[in-house]
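Report on the following structure.
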Amino acid sequence: MIPPEIRRSVLLQKAIKLALAGTLLTFASFSATAADPSSDTETPQPPDILLGPLFNDVQNAKLFPDQKTFADAIPNSDPLMILADYRMQRNQSGFDLRHFVDVNFTLPKAGEKYVPPAGQSLREHIDGLWPVLTRSTKNVEKWDSLLPLPESYVVPGGRFREIYYWDSYFTMLGLAESGHWDKVADMVANFGYEIDAWGHIPNGNRTYYLSRSQPPFFAFMVELLAQHEGDDALKEYLPQLQKEYAYWMEGVETLQPGQQNQRVVKLEDGSVLNRYWDDRDTPRPESWVEDIATAKSNPNRPATEIYRDLRSAAASGWDFSSRWMDNPQQLSTIRTTTIVPVDLNALLYQLEKTLARASAAAGDRAKASQYDALANARQKAIEMHLWNNKEGWYADYDLQNNKIRDQLTAAALFPLYVNAAAKDRAVKVAAAAQAHLLQPGGLATTSVKSGQQWDAPNGWAPLQWVAAEGLQNYGQDDVAMEVTWRFLTNVQHTYDREKKLVEKYDVSSTGTGGGGGEYPLQDGFGWTNGVTLKMLDLICPQEKPCDSVPSTRPASLSATPTKTPSAATQ
């Protein structure tokens, strides 16, 4: 008799093969114009490869406060010629590296500081920011690290001068709330273009981001557009949804239990789940010096291993967090690739459900059933392997130690967000989040103070939205509204004082931007703008919408939870 776990594995394997059948990844070519992605030219190389020792020397010389500056610089002529000139000149007496860079490169311009009109409400400020944050890059310079896109798009702001994958979904929520459905459609079209061009959506539209993706929110983007355009949007983007799924599942057909390949893992019982992965194992061009220093701080590990784990953490969007580290105080203990993240697998469950819905809309019932079967298999795997029964919350799985991890993070809310959680478990997650993560200014990312930006005391807009939506999905409205009210109060207090919205917030109090990480606090800020607009509509009745957060808590909101949230722990 065949053991049940082997039988499940065989059936799952057949379902995956059927679902992926006929889905071809076309890694189309780059050109300086966002043209037909089926044209055949070479994939562009990132600046650390194009410029070799020159890139390394400039970054190590720390000519610019931000390592991203030179990664975004545009060569004024063929990089091979610039590199040849550099090799000829660098050992000459009086050689000035900064002068050489200034002559041979066009540096990115500092963004003009936006000064909003006086007296604007929060909503008016955000609506006024959309055109300020909008970019159009149909054509780029020949050796630019920027990748062209066919339609205009909204950037996060600050040092982030390009489009970012998972940021954009939360930005699009705000665009839709402001009535800019044309911009939503343009951004979905851009991501569809990237999938056709590169086989996946890169971290951002830069050559140095092509080796990884980010949390897969494309299905949510298409579902959002479908709210406005109906099932036509699902049918239009079904091919791109299939290609993205093929990217995440690449290599699964040949995996044996206990094996991993790039982004996909097969556990010993045959369950198929996913992890974050970057195809390269070198320092990130945009954080070159920092990555080299991190690798040098732990000589007991191969530098390439650390580099890939740093890059893979960037793919997760949580760069960086104690979630990925053995020692929260030592970044070089990061091991992202040995961790199966609960949020990633919840998002891929949503992708499988969206594929089923889109296939049904296109009239392919057989394919819809296959994707539904894959979603059901993933849901069972999440419940079996990504639930910490001892602690009472969803968590990540540790491949290295073959066990569930104990740490509670805001990622525990993702199964609720995609409606993949068992009801009794959702109640336990709500209680845990309220007891351990809820702070005066919103939901903390974790309860650990590591100095990393995706840890306490920071709270991030996308995680507030995921939590609020997920909790409401399971009737946990009191906690959902508490997260919403506290975070909005934080945003409003910061705006009242500084007249801006920022990338992240310190949720241990209200009115303070977050800290930690590799770069100063950024303002703008795309996903905060989007989530703020959506949350304003949660706290104010439709018949009387509010343009700012009320000074007193609306009576329509539930009372404050009786349990006082605990302070973040060291």
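Here the Cβ of each residue, glycine as well, is placed from N, Cα and C on the backbone.
From a predicted model like this one, the values you see are computed outputs, not experimental measurements.
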Taking 490-516, 544-570 as the choices, which stretch does Swiss-Prot tie to region 'Disordered'?
544-570
Residue with minimal Cβ packing [other Cβ atoms within 10 Å] among the binding-site residues Arg159, Arg212:
Arg159
With every protein chain in view, what's the tally of Cβ atoms within 10 Å of the Cβ of Pro285 (substrate binding site), excluding that atom itself?
26
